[in-house]
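> Pasting a structure here, questions to come.
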Amino acid sequence: TKLKLTSSPKHKIQRERLLSNVRISLSQKLILRRTTTISISGEETTTAMGKGRALSDGVIKKIILSYTYVAIWIFLSFTVIVYNKYILDKKMYNWPFPITLTMIHMGFCSSLAVILIKVFKVVEPVSMSRETYLRSVVPIGALYSLSLWLSNSAYIYLSVSFIQMLKALMPVAVYSIGVLLKKETFKSQTMTNMLSISFGVAIAAYGEAKFDGWGVFLQLGAVAFEATRLVLIQILLTSKGINLNPITSLYYVAPCCLVFLSVPWIFVEFPVLRDTSSFHFDFVIFGTNSVCAFALNLAVFLLVGKTSALTMNVAGVVKDWLLIAFSWSVIKDTVTPINLFGYGLAFLGVGYYNHCKLQALKAKDAQKKVQANDEEAGKLLEERETEAKRNETQD
C-alpha cells in the first residue's frame, strides 16, 4: 500500500507543493533575518533593509570596545618592543644580555600564570597527559624560546624600524612552512603574493643605512622559528582539540622555555655576568618590563577573544607603521626613501594576504549557513511529508 501511495501521481503533486512551501518558508525566514527588532531601553526600534540602519547603543558600545582592545594591544606591543630595544641597545641602557632578559620574562610570566590559574582560578587549566605535554608542548616551547632569544638579540644590531620591515616576512614563512608540512595547499597566486612581499623586504634591506648581516640573520632566524611554532600549534595542538589561550599558554609553555633558555645562558651569558662586578639587578627596570610583557599576553587574549585573529593581524600592520615613525622621529634611526618604498611593497602584499584570508573566512561562514539552511529545509520537508502521509492514511 505504501509503495503505491508514494508512487501515485497524487502524492507527487503533494510533494511538489511541499517543496514549494518549504522554499517559501525559507525565503520568509531570510527576510525576517534581514529585518531585526532591537530593544533599546524598553523601546523597540525596527531596522529594515531599504529604510536605513539605526545603530543601537549595544552595537556602538561593542564597536568602541573593539577599538579599545586594538588600541591597548598596539600600545602594549609598542611599549614592549621599544622597552626591549632600550634595555638591550649599547647606546641606551647598555645591557646586552638577551637570553637573561627573555628568562626574566618567562620566569615572571610563568609565576603569574600559575597564580592566576591555581589561586584566583581566572581560567581553567587544560586537561593534558604527560605524553601529550612532552610530544606537543615541549617542541613548541623549544621553538618559542629560540624565537624570543633571536628576536631580542636582533635589537642589539638593528634599528627598530628595520626589524619591523623584516617581520613583514612572517606570512611568507608561515605559508612556506605550512606547504612543506602539508598543512597548507600550494597555490600559485598565493606564492606570487609571497614573492612580492619578499621582494619588497629585499628592497627595504638594500636601502637600510645601518645594515648588519649578523643582525639580519638573527631576525630572519627568529621569523623562521616563530613561523614553525605557529604551524606546529595547528598540527600538534589544534588538530587534537587542545586550544590554549595566552594565560594557559604561559602556564604550560613558559616554564618549558625557561628550561631550554637556561642551557645556552649557562655557557654564553652567565660567565660574563659573573665576571661583571658592576652588575646589579635593577628591579624597577626589569620589573616594569616584565609587567608589560605579561600585560601584552593578556591584551592578546582580549583582542583575539573579543574580535578575531585577523583583526590582530590588521592592527599589527598599523603598529608597524607607528613603530617606524617612532623609530625615525624619537630614536632618530635613519629611514631612507628606499626603505619606505620596499616596505610599502611588502605592506601591500601583506594587506592583500589579509584580504584573501578575510574573503576565505566569509566564504566558509556562508557555506556553513547554506548547509544549516539545507538541513533545516530537509527536516521541514520530512516533517511535512510525514504529516501528509498520516493525512492520506486517515483518508
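Placement of Cβ uses the backbone N, Cα and C atoms for every residue, glycine included.
Copied straight from TrEMBL:
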- 63-83: transmembrane segment (TRANSMEM)
- 68-354: domain 'Sugar phosphate transporter' (DOMAIN)
- 95-120: transmembrane segment (TRANSMEM)
- 132-150: transmembrane segment (TRANSMEM)
- 156-178: transmembrane segment (TRANSMEM)
- 190-207: transmembrane segment (TRANSMEM)
- 213-237: transmembrane segment (TRANSMEM)
- 249-267: transmembrane segment (TRANSMEM)
- 279-303: transmembrane segment (TRANSMEM)
- 310-331: transmembrane segment (TRANSMEM)
- 337-354: transmembrane segment (TRANSMEM)
- 374-395: region 'Disordered' (REGION)
> Sort out the residues at least 6 away from either end of the transmembrane segment (213-237), same chain, that have Cβ-Cβ distances under 8 Å to it, and list them.
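135-137, 139-140, 143-144, 146-151, 153-154, 156-158, 163, 166-167, 169-170, 173-174, 176-178, 181, 183, 205, 243-244.
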> Is it possible to list how many residues within the region 'Disordered' (374-395) are helical, extended or coil according to DSSP?
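Grouping H, G, I as helix and E, B as strand yields 21 helix, 0 strand, 1 coil.
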> Tell me, roughly as an integer, the mean pLDDT over the domain 'Sugar phosphate transporter' (68-354).
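Taking every residue of the domain 'Sugar phosphate transporter' (68-354) together, the mean pLDDT is 89.
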